[in-house]
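Peer 1: Right, I'll just put the structure down here and ask away after.
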Amino acid sequence: MLRVFNTLGRRIDSFIPNEPHSVRMYVCGPTVYDEVHIGHGRTFVSFDAISRYLRLKGFNVIRVQNITDIDDKIINKAKSVGKSWNEVSEYYTKSYLEMINLLKVKIDIHPKVSSHIKEIIDFVQGLIDRGHAYVANGSVYFDVDTYPKYGELSNIRKEEWDQGEEIVKEKKNPYDFALWKAYKPGEPFWDSPWGKGRPGWHIECSTMSTRYLGTKIDIHGGGIDLVFPHHENERAQTESITNDTWVKYWMHVAFLTIKKEKMSKSKGNIIPLKEAIAKYGPSTLRYWFLSSHYRNPIEYSDDVLEQSAKSLQRLKDAVSILRKIILEGPQHYAKESEIKTQAEIFGAILNFDNAMEDDFNTANALTAIHELASIVFTKLQYSQDVLGAIMALDGFRKFNDVFAVMDEEFSSEMDRISSIINSVIEIRNYLRERQMYELSDKIRESLMKAGIKVLDSKEGSTWRFQ
Ligand SMILES: Nc1ncnc2c1ncn2[C@@H]1O[C@H](COP(=O)(O)OP(=O)(O)OP(=O)(O)O)[C@@H](O)[C@H]1O
Ligand SMILES: [Zn+2]
């Protein structure tokens, strides 16, 4: 049974979505005023692995992730670079979408704040009509005292909330927060029943989530920094409209840190995804993000990424061996020792599943897959057991369905390509046996140019993608 840690209540709950076969997921996306960084990457990839595992279990998953394209930080950035707010946000939105695509993060809907102003105004009006919000000097504030459950999600009392410069006299209480901000010169604005202005931050997620996913959702997530005030406020707004439980499972990803500090745009310590993808490739990055459980922080370093690349290569090598056994292994009756190894293969795949069922523990799932690779290197490679190889390859396929770090190895063309490469390698072996090295080296070079590395050893030649 799948179990999930719910930030609401800080406990592990059985995962039973509102509807039996579908999962509605909303993840808070970036504020687009700077390059999307590897800290974002970690959170977005974590929810991607969660969605992929849920799909593997037979759920239909719809994931909505917003783009905050109106915000104080965007306005400030626009002023500092002498551009308009939408030039800034369009530029970084484009870059964000490219990176998400390269990282193979599947998001179904990417709603932007600026395209949902009317829906936001309607939502705010609904809160005013129900007595949960009030107008003051052209701004609209949420009246926190009207939502008794405030603080339940974060365990933070409203009185403790220090809003810094957000504190203004027109509010009833210092902990009330803006739903709509009255116009200030030089800022973007839209017309509303309360005069010119723009939306506050929290209201966009309540509005866009209910607009696309309805009034009840299964998973709402983001980085751990969003628990308070953002998610606390979103919950207060939405449940004040629906009078019902909004989110079933609140899930939060721990930080990616650099020199032990949260990586963030406002701290100026970011490594843009663009740079990291160019340097390490998307698969190594995904592997690294998922090599820790999503609720544990991860610390960036070159070493740890190099180590991830090596560990991933180990898994790819195991898959190459399996393909070779399946294509060329001898057909024979199963031996006692092979049946024992097959049971171990089953065991490793079961461990993978158990780890994922345990609050999506990708770290333990990865350990199980490395167990499977060890069985390939120490047993299957020598026994050449075709049935065992088929079982193990299925395990790796399952792993890749969730981790998506070796899609090349599992593309539908792969079987055909593998047999072609194997034939070429066979011809090359034949040439080498007859000491026709000039020709055999030429074949190796041509394969190299096609991204295929030939590895010669006493036992014969194998190959892998670069
Ligand atoms: N270092 C990080 N580790 C994990 N998740 C992160 C990290 N930084 C941001 N996120 C998550 O990415 C999403 C988008 O965040 P946001 O655009 O606010 O990023 P940010 O870099 O923290 O920006 P700012 O510094 O302006 O707050 C949120 O869900 C947030 O929690
Ligand atoms: Zn949000």
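From the backbone N, Cα and C atoms, a Cβ is placed for every residue, glycine too.
All TrEMBL annotations are machine predictions without curation.
Keep in mind that what you see is a predicted model, and the values were worked out from it rather than measured.
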Peer 1: Motif ''HIGH' region' per TrEMBL: which of the ranges 8-18, 30-40, 129-139 is that?
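Peer 2: Of 8-18, 30-40, 129-139, TrEMBL gives motif ''HIGH' region' for 30-40.
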Peer 1: Could you check which of 197-201, 262-266, 327-331 is flagged in TrEMBL as motif ''KMSKS' region'?
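Peer 2: Among 197-201, 262-266, 327-331, the range TrEMBL annotates as motif ''KMSKS' region' is 262-266.
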Peer 1: Any residues 6+ beyond the ends of the motif ''HIGH' region' (30-40) with a Cβ under 8 Å from its own?
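Peer 2: Those are 67-69, 71, 73-74, 76-77, 88-89, 92-93, 95-96, 99-100, 223, 255-256, 262-265, 270-274, 276, 285, 300, in sequence order.
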Peer 1: Applying a 10 Å Cβ distance cut-off over all chains shown, what neighbour count does His230 (Zn(2+) binding site) have?
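Peer 2: Taking every protein chain into account, the count is 18.
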Peer 1: So if I measure Cβ to Cβ from Cys205 (Zn(2+) binding site) and keep only same-chain residues at least 6 apart in sequence, which ones fall under 8 Å?
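Peer 2: In sequence order, the residues whose Cβ lies under 8 Å from that of Cys205 (Zn(2+) binding site) (at least 6 apart) are Tyr26, Cys28, Asn66, His230, Glu234.
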Peer 1: Which binding-site residues out of Cys28, Cys205, Lys265 lie by ligand 2, going by a Cβ under 6 Å?
Peer 2: Cys28, Cys205
Peer 1: In the same chain, which residues outside the set Cys28, Cys205, His230, Glu234 have their CB within 8 A of the centroid of the CB atoms that define the Zn(2+) site?
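Peer 2: For the Zn(2+) site, the extra neighbours are Trp201, His202, Glu204, Ser206, His220, Gly222, Leu226, His231, Asn233.
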Peer 1: List those of the binding-site residues Cys28, Cys205, His230, Lys265 whose Cβ lies under 6 Å from any atom of ligand 1, in sequence order, or write none if there are none.
Peer 2: Cys28, Lys265
